[in-house]
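**Student:** Under the heading signal peptide, TrEMBL lists 1-16. Positions annotated as domain 'LRRNT' by TrEMBL: 63-95. The annotation disulfide bond is assigned in TrEMBL to Cys64-Cys70, Cys68-Cys77, Cys322-Cys355.
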Amino acid sequence: MRSLWFLMALLALSQALPFEQKGFWDFTLDDSLLMMNDEEASGAGTASGAPDLDSLTPTFSAMCPFGCHCHLRVVQCSDLGLKTVPKEISPDTTLLDLQNNDITELRKDDFKGLQHLYALVLVNNKINKIHEKAFSPLRKLQKLYISKNHLVEIPPNLPSSLVELRIHDNRIRKVPKGVFSGLRNMNCIEMGGNPLENSGFEPGAFDGLKLNYLRISEAKLTGVPKDLPETLNELHLDHNKIQAIELEDLLRYSKLYRLGLGHNQIRMMENGSLSFLPTLRELHLDNNKLSRVPAGLPDLKLLQVVYLHSNNITKVGVNDFCPVGFGVKRAYYNGISLFNNPVPYWEVQPATFRCVTDRLAIQFGNYKK
C-alpha cells in the first residue's frame with residue numbers, strides 16, 4: 001500500500017510546482033502551490049508529463065529482489081542496508097526506490113534492461129562513483145533523486161529524457177561546461193548543500209538548458225551567479241554569503257516569479273536592480289543586513305509577497321511598497337513581513353499599506369536587540 005501511495009505522490013509531483021525539499025519525503029508536500037496557484041506558475045513536469053496510464057496497471061512478473069516490495073511496477077528497496085544495486089529487477093519497473101542504503105557505486109550494468117524506468121530514488125546512500133554509462137539504459141528516466149551522497153561531480157551522460165534532477169547535499173565544487181549538454185527536457189535542478197563558489201561555475205555551464213526552477217542554497221556563493229538560464233521562473237539562492245545585489249545581477253532573469261535571497265549577508269540592493277523582474281510575485285530577503293526597504297518595489301505590478309523580516313530596517317516610508325495613484329498595481333500584496341526589525345511601527349503611516357489586501361497580511365514588531 002505504501003508503494004502505491006509513493007507512486008501516486010510522484011505522479012502528482014510531475015504536474016506540480018517545484019518546491020523546497022526539507023526532508024526525504026517532503027517532495028510529496030508541494031507547499032509552493034499554496035503560495036502561487038495561477039496559470040503562469042512554473043512546473044516541474046510540463047513538456048514531458050507523466051508516464052502512460054497503462055504503466056499503472058498491475059504487472060504479473062515474478063521478479064522482485066530479495067527483501068524488496070514490488071507492486072504496480074514500483075520496486076521499493078529502501079532501508080535495507082544494501083551495498084549495491086540489487087539484481088532481478090523487473091524490466092517493466094517504472095519507479096525504483098533505493099534510498100537510505102549503503103550503496104557506494106553505480107556500475108555500468110546496474111540498470112541494464114530498465115528501459116521503462118521513470119523515476120530513480122537514490123537519496124541518502126554513500127555513492128561516490130558513477131560509471132559513465134551507468135544511466136545509458138534509462139532512456140525514459142525523467143526524475144533522478146541522488147541527494148545526500150558523497151558525489152564530488154555531477155554525473156556524466158545523464159539521460160536526455162531527464163526532467164528533474166535533485167543532487168543537493170553532496171560534495172560538488174564545480175559545474176563544468178557541457179555537463180548538462182543535450183538535456184532539452186530538463187526544467188528543475190536542486191543542487192543546494194554543495195560547497196559551490198561562484199568560481200565553480202564554468203562559463204556556459206548551463207548552456208542549452210531551459211530551466212523553470214533552480215536552487216543553489218546552502219552553498220558558498222558571494223554573489224548572484226552569472227549566465228544562469230534566462231528561462232527561470234524560480235531562483236533560490238538562500239543561505240549563502242551574498243553581500244550585495246548590483247544593478248545588472250538580475251538583468252537576464254526577467255521571467256522570474258519567485259526569487260529567494262533569504263539568509264545571506266545582503267547590505268545593499270542597488271537602485272534599479274529589481275526593475276529587470278517585471279513578473280516577480282514573491283521576493284524573499286529575510287535574515288539579511290538591509291537597513292532600508294529595497295527601492296523599486298512599487299514598480300513591481302505583480303508582486304504579492306515580500307519577506308523582509310530579521311534585517312536592520314529602521315524606517316518604512318509611505319511609498320516604499322505601493323505605487324502612487326490607483327489602478328497602477330495589478331495584484332495587491334497578500335503578505336509583507338517586517339518583524340524583527342528596529343522599526344518604530346507606531347510611526348508608520350497607515351497609507352503605507354494601501355495596496356495590501358488585508359491588515360492581517362502585514363507582520364510587524366517583535367524586535368529584540
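In case you wondered, yes, glycine gets a Cβ from its N, Cα and C as well.
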**Student:** Using only C-alpha positions, which one of Cys77, Cys322, Cys355 is spatially nearest Cys64 (disulfide bond)? These are the disulfide-bonded residues in the record.
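**Tutor:** Comparing Cα positions, the candidate nearest Cys64 (disulfide bond) turns out to be Cys77.
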**Student:** Compile a sequence-ordered list of residues in the same chain as Cys68 (disulfide bond), six or more apart from it, whose Cβ lies below 8 A from its Cβ; state 'none' when nothing qualifies.
**Tutor:** Val75, Gln76, Cys77, Leu80, Pro86
**Student:** What whole-number Å value do you get for the CA-CA distance of Cys355 (disulfide bond) and Cys70 (disulfide bond)?
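**Tutor:** Cα-Cα distance, Cys355 (disulfide bond) to Cys70 (disulfide bond): 54 Å.
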**Student:** For the disulfide-bonded residues Cys77, Cys355, work out the Cβ neighbour count at 10 Å and name the residue with the minimum.
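**Tutor:** Comparing Cβ neighbours within 10 Å for the disulfide-bonded residues Cys77, Cys355, Cys355 has the fewest.
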**Student:** Around the C-beta of Cys64 (disulfide bond), how many further C-beta atoms are within 10 angstroms, looking at every protein chain?
**Tutor:** 18
**Student:** Distance check, please: Cα of Cys70 (disulfide bond) against Cα of Cys322 (disulfide bond), rounded to an integer number of angstrom.
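**Tutor:** Distance between the two Cα atoms comes out at 56 Å.
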**Student:** What's the number of neighbouring CB atoms sitting within 10 A of the CB on Cys70 (disulfide bond)?
**Tutor:** 20
**Student:** Within the chain of Cys322 (disulfide bond), which residues six or more apart in sequence place their C-beta under 8 angstroms from its C-beta?
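**Tutor:** Pro298, Lys329, Thr352, Phe353, Arg354, Cys355, Val356 - these are the non-local Cβ neighbours of Cys322 (disulfide bond), listed in sequence order.
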